[in-house]
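Chemist: Annotated transmembrane segment per TrEMBL: 221-243, 284-311, 317-342, 354-377, 383-413, 444-467, 473-501, 513-532, 544-561, in sequence order.
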Amino acid sequence: FDFCQAEGKKRPSENLGQVLFGERIEPSPYRFTFNKKETCKSVCMKTYDTTKPEDKQKLDFLKKSMLLNYQHHWIVDNMPVTWCYDVEDGQRFCNPGFPIGCYITEDGRPKDACVINSEFHEKDTFYIFNHVDIKIYYHVVENEALGARLVAAKLEPKSYKHTHPDNPDCSGVPMDISNKASGEVKIAYTYSVTFHEEKNIRWASRWDYILESMPHTHIQWFSIMNSLVIVLFLSGMVAMIMLRTLHKDIARYNQMDSTEDAQEEFGWKLVHGDIFRPPRKGMLLSVFLGSGTQILIMTFVTLFFACLGFLSPANRGALMTCAVVLWVLLGTPAGYVAARFYKSFGGEKWKTNVLLTSFLCPGIVFADFFIMNLILWGEGSSAAIPFGTLVAILALWFCISVPLTFIGAYFGFKKNAIEHPVRTNQIPRQIPEQSFYTKPLPGIIMGGILPFGCIFIQLFFILNSIWSHQMYYMFGFLFLVFIILVITCSEATILLCYFHLCAEDYHWQWRSFLTSGFTAVYFLIYAIHYFFSKLQITGTASTILYFGYTMIMVLIFFLFTG
C-alpha cells in the first residue's frame, strides 16, 4: 500500500509463530513523545496524477482496499490500537484495527464504516481516513521509581480534505475520492495525540477491555453443557455394556466346568480366535497411530500451557511457536508407539516403519504448506515465509524430530511384542452377512457425528480467530472441550466396536481408527460451509490458500481423533 513510510527505522524481528501465521510488523512514521500533546501534525503527503499509469494503479489499489473494507492494525507498546464504537443494545465494541476508508454506492448507500459520519453522502465516492485522533491512556506507578505505564490506546479515524496541506488545521469537508475522478488527487496524512491518566486500569489487566467486547462467552457454557450431556449419555452406555453383558458372560464362564457347554458360544466370543489377526495395511495404521500420538500429546501440552496463561494474545505468535517446538520434540513417543503396534501386527520391515513415521504425515503437511507458500510468493504477499525460515523448519524436522523418532522406534522394537491373551486360529473365520448399521461405512459415518457435536461451537470461534482476525483467548473452554472430545471419541468407538464384534465382524483395528477419525470429514464440511456463509473471499489464489490450510488442519485433526 502506498501509505507513509518510516525512513531508516529497523524492522522489528518476529518469532517463528508469527512468521508461520503471516504476521509482519513494520515500523511507522507516527512519532510520539510521552505526555506531549500533538494536534493535527502532518505525516506526509501523497499525490496521484491519474494520467500516469503507475499512479492510477496505486490509487485503484487503494480504492479496491476501501471497497473490501481492509483494516490498519497498529501496535503501540505491544498493545493493539483499538477503535471503539457503539453497537446495538448499548454495547461498546472495540475493534483492534480500523478501516483504510469506506465507499458510498452509486445509489447513495453507505457501506461498512461510512455510516459513522453523515457528511459522507456523495454518491459513488470513496472516503479515505487520512487523519487519526489517538488517545493514549496511562497509569502512574506509585511505589516504584517515577514512571508511567501505557494501559490503553484508542483512536478515532477521521477524514479531512486539508485546505492548506503544508499547514494542516484538521477541519472542513471530508477527503473524498470520486470513483470517476481524473486529474490530480492529493491526500495529506495527519494525526493528533492526547494523553489521559487512567487510575482504574492495572497494567496487568490492560487487555481486558478488548477481550470483553469480543463475541460473547455465554454461548460457550451452553455448548459445554451440551457436550457434557453427550459424554454422560455415552459413558452410561459404555458402563451398561461393560457391567451387564461382560459381567453376565464372565459369571457364566466361571460356572462352566464341563467342556460340552462351552461349545454354545454366541456374539463376540465366537471371534476370539480371529480378533488379534493383523489388520490389512498394518504398516500404514501403525504410522498413523504414531503420528496421532505425537499430535495428541502436543495438543494437550500446548493447551495446558495456554490455560496457565503463558500463551496469551499479548505474547504474539507464542501459541504457534509452542506447538511447533513441542511437535519437533515429541518424535520419540511417535516412533515408540508406531514400532510397538507394528511389531504386534507381526511386521518385519522396521526400517520402512521408522522412515514412514518420521516422514509420511509431516511430509504431507510440509508439502501442502510449501505449495501454499509458493502461491503467496507468486502473489508477492508479505505473508510468504522467507526461504531462511523454511530451511530452519526443515532443519528442526530433519535434525531433531527424525533422530528422536529413531530413538523412540529403537526402544519400541526392543521391547517384546504386545502379548495377546488368546491364540489366533490358522484359518480365518467366515464373516456372516452384516445388518445395515454394523457394516463398515455406516458405522464409521455414525461414529464421527457425536465427537463433532461436542466441538462445533468452539470451531466457529477458532475459525474466526484464524480467518477474521479476532483474538482467541478462551483456552480454558478449549481445554475442557479437548478433554470432552478425547472421551467422546474413545467411548463412541468402544460402543460401535462392541456392536460389530457382536455381529461377528472381527476387523476392528482400522474401523476403530476411522470411526472417530471421521470427525475430521465433518470438520472439512463445516469449513466449506464457513467459507461460503461467513467469508467474502474473492480470487483464485485466496480460495486455494483457504482450502490448502484447511486441508492441513483436517489431516492433523484426523490423526488426532483417530
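The backbone N, Cα and C atoms fix where each Cβ goes, glycine too.
Not measured: the values here are computed from a predicted model.
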Chemist: For the transmembrane segment (383-413) and the transmembrane segment (221-243), check the count of CB pairs under 8 Å (sequence separation 6 or more) and say whether it reaches 3 or more.
Modeler: no
Chemist: Let me spell it out: take the transmembrane segment (544-561), skip the flanking residues so only those 6+ beyond its ends count, and list any with a Cβ under 8 Å from a Cβ in it.
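Modeler: Result: 288, 291-292, 295-296, 299, 361, 364-365, 368-369, 371-372, 375-376, 451, 466-467, 485, 489, 516-517, 519-521, 523-524, 527, 531, 535, 537.
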Chemist: Who are the long-range neighbours of the transmembrane segment (444-467) in its own chain, taking Cβ under 8 Å and residues 6 or more past its ends?
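Modeler: Sequence-distant neighbours of the transmembrane segment (444-467): 215, 219-220, 222-223, 226-227, 230-231, 234, 437, 474, 477-478, 481, 484-485, 488-489, 492-493, 496, 511, 514-523, 526-527, 530, 534-535, 546, 549, 561.
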